[in-house]
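> Encoded as C-alpha cells, here's the structure I'll be asking about.
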Amino acid sequence: MKFGKQLEEYELPEWKGYYLPYKLLKRKLEDLSARTDTPRSQGSHSGRVGGSALEGEEAYTEADWLRTVEEEAMRIGDFVDRGIHGLEQQLKDLEKMIEGLQSGRHIEESIDENAPTDEEASFLELRVLQAVGRVSEGVQRLRLFAELNHAALYKILKKHDKQLVSKEGLSEAFPRLVKATRLNETGRFDALDRDLKKLSSASSKTEDIDASPEVARLIAGLGRTGVVGLTVQPASHRSELVLSFFLGSSVALFLAIGVLLCLPEKSPKTFSEAYFLTPIPVFRVVFSFLLILWCMGAVAKICDQSDVNHMFILNVDPRCRVTPEFFFARAATLTTLWILIFGMYVVDYKWKILPTVWAREGYNKRASFHFVLYPVLLLLLTIVGSLAPSTICRQRYKLAVLRSVKRTALAPLFAVDFADNMVGDVMTSIAKPLEDVPAAVCYLLSHHPQEEELVERFVTSGDTCSDTTHRWVVPLLAGMPFFFRAGQCVRRYRDTKECRHLWNLGKYLCSLLVVIVSRMDNTAMLVSVSTVATVYAFLWDVGLDWGLGARELMPGNSAEARNVDGESPKLSQKNGLRQRHFPRKVYWLCSLVDLVARSTWVFTLMPTSLVTGNIVIRVILVSVMSSVEIVRRSMWAVLRIEYEQLSNASGFRALLWVPSKLNTAPERRPSKARFAQAKGLDGEGGNFPQLISLFEEALNAVHCIDACLISRQSPRT
C-alpha cells in the first residue's frame, strides 16, 4: 500500500487537516523533478518550449519546497507540544481531585448539590476514573499523531532525495527537523502513561492493582476507550457507512411512498381522503418518537465529535455504555418498520389489495375493519422495540429517565438538576406530538370500520375525538409541559434566590398564554401574544441558554477558538473570552434556524383548523411543524450543553472542571476561502454590521438584564 493511502487510513477524522500535507508536498516535488529533468531529456530543441510553458512556476524552487516542509514540521511539533501541555494540565487537576477523594475533604463541594450525596459521591469517583481513561485516550491519540507525522516526514524527504538526486533531505533536513519538533521523543508519552497508571491504581475500586488505565476502566465497569493500542478501531467507520447507506435508502423509500400517494387510486368513487387519513395520528405519534431517537443519537454524536462531555454534564452513570450508535440502530430498525407498514397501508387502501371486512358497517364500500391493524401493529412493534432488554441500555437507565420525568412533573417538590432541566425543555417541544396522543387513542378505540360521523369529525377537527376532548384534554396536554417547566423555575428560584429564574418563569407563562388564547376567538390577541412569546423565547435561547453575544457572533475576535493552552475552560487568560467549541458561522446559522423554527413552533400550540381548512394540508402542516420543533430542540440541546460545560451558566454544578479527551486544537492553516470570508465580512463595501446591529443591541440588552439580576449573587467556584 502506498504511504499516502496508509496515512489517510490512520488519520483521525477530527484532526484531519492538521497532519503533514503529504500528497500536496509530493505533487510539488514531482513538479520540481519534472522541471529539472525536461531540458536534460529533451535537449536544446524543446528547451525553449518547456521554458515558456513553465515560466510562471520558475519562482517555486527546491529551497521553497524545503522551507514549506520545515514550516509544516514546526506546526506539527507545536501541535504535539500544546497537546502534551493540555494533557499535563488535566493530570494535575485529576491529581487534586483524587487527593480530595482519598482525604475525604471537599467531596460534597465537588458534586451536584441537588443530587443524593451517597450516590453522587460514588459517581464522582467513577467519573474521575473515567476522566483518567479519557486522558489516556488523548495520550494514545497524540502518540499516534506524532508517529504518523514522524513517518510522513521521513517518507517525503526520502522521496525528495530520490527524485532530485540529493542527500540533503535525509542527511541534513530530517535530523534537524526531528530534533526541533521532538517527534522522536517518545519518553514524553511514556511519562504520561506512567502518571496515568499511578492515578488509575489510586482509585478505591482498583486500589493496590498494578494495571493500565484500560484495565482499571474494565474493572470499574466503565468499558474501553475508543482507541486500542495505536490503531483506530474500524467499527465506528463501518457504522458510519451503514448509517449513510440506511439514510440514503430511507430517503429513497420515503420518495417512493410520496410517488404512491400521488398515483391515481383504484375505484375513485369510493376513495375518501378523510377516511384514508384517519389513522394518521397513530402513524405520526410513532414517527415523532422515532425522530426523537434519531435526534438523541445526533446530539450525542455531535457532542462526542466536538469534545462536549455530555455524559458528565447530564450526570449520567459513568458505567453507562449507551452510544450514539445504539440510538441510531434502534431508530433505524423502527424506521424500517414504519416505512414498511405505512407503505403497506397506502397500497392496500388505494388499490384494495386485501378484501374488505364488515364494509357494510363503515363509511362506504371501501371501508374495512382490517385497516386499523396496520397502526396497531406498528404501535405494538414500536413499544416492544423500545422496551426490549439490551445489554447496553439496561433497564435501570430507562427507569432513570422515567424518574427524571417524574421529578420534572413534580418540580416544586424536587430539586432541579441540569438533566431534569433538559428533560423539562424537551417536553415543551413535544407539545404537538402529545396532542396527537388523544387523537390516536380516539382512533384506536373508535368503531372500526370508521363510520360516517367519525369521518366528518376528522374533516372538521383533524381527528375523531369528541368536542369535550378538544375543549379540555387537548389544551391540558399542550399546556402541561410548560406548566411543569414553570414549576422548575419556581423551585430554582426558591433554591438559588436568583431573579433570572423568575424571568425564565415569565417565558413559560407566555407560552401557556398562547395555549389559552388560541382556544379563544380573538385573532388579534393571538397574534400579539404569539409574537411576544416567540421573541421572548428566541432572545432567551441565544443570549442566556447559549451564551452568545457580540463577542461570539461579531467578527474580529477569537471567541470561536478552542482552549489550546490548558487554561480554564471558562475564560482564556489571553483575551478574557469564553472559548467555544464551534465556529462563529455555526452559531449564526443556529440563531437564524432557531428564529425561523420558533416562529413555526407557535403554530404547534394552536388548533390546525385556525390555519387551514384543507385536511391534507392540515395533516402535512402538523407533521412538518412537529418535526421542525423536535429538530430545533436537538440543535438547541447541543449548544445548551456546550455552554453549560464551558461556564456552568445556570449554576447546576459545584464542580466547574469537566474532563476532556484532548485539550488541544491549534488554528488550521489559513485558506483562500477563509481570507475571502473575512474580506466579505469586514470589507469597506459590506453591509454586515448594519444588518446585525439590531440583533446585537437586543442581545446586549438581554446580557445587561442578566448581569443586573445576578450582580448581587456570589460567584460559583
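Positions of Cβ are set from backbone N, Cα and C atoms, glycine also.
Annotations in TrEMBL come from automatic prediction, not curation.
Below are the features listed in TrEMBL for this protein:
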DOMAIN    1-174  domain 'SPX'
REGION    34-56  region 'Disordered'
TRANSMEM  241-261  transmembrane segment
TRANSMEM  281-303  transmembrane segment
TRANSMEM  327-347  transmembrane segment
TRANSMEM  367-388  transmembrane segment
DOMAIN    465-672  domain 'EXS'
TRANSMEM  524-544  transmembrane segment
TRANSMEM  610-631  transmembrane segment
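Burial and contacts for the listed features, if you can.
Remote same-chain partners of the transmembrane segment (281-303), defined as residues 6 or more beyond its termini with a Cβ less than 8 Å from a stretch Cβ, comprise 309-310, 323-328, 330-331, 334-335, 338, 342, 375-376, 378-379, 382, 386, 430, 433, 436-437, 439-440, 443-444, 463, 622-623, 626-627, 630-631, 633-634, 637-638, 641-642.
Outside the transmembrane segment (327-347), and at least 6 residues removed from its termini, the chain residues within Cβ reach (under 8 Å) are 239, 243, 246, 250, 253-254, 256-257, 260-261, 279, 283, 286-287, 290, 293-294, 296-297, 300, 353, 371, 374-375, 377-378, 381-382, 385-386.
Note on the transmembrane segment (367-388): residues 275, 279, 282-283, 285-286, 289-290, 330, 333-334, 337-338, 341-342, 344-345, 348-349, 354-359, 361, 398, 440, 443-444, 448-450 of its chain, located 6 or more positions outside it, place their CB under 8 angstroms from a CB of the stretch.
Residues 273-274, 277, 280, 284, 287-288, 291-292, 295, 429-430, 432-433, 436, 458-459, 462, 518, 597, 600-601, 603-604 of the same chain sit 6 or more residues outside the transmembrane segment (610-631) yet have a Cβ under 8 Å from a Cβ within it.
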> If you average per-residue pLDDT over the domain 'EXS' (465-672), what number do you get?
78
> Residue list, the transmembrane segment (241-261) vs rest of chain: Cβ under 8 Å, 6 or more residues beyond ends.
328, 332, 335-336, 339, 342-343, 346-347, 350
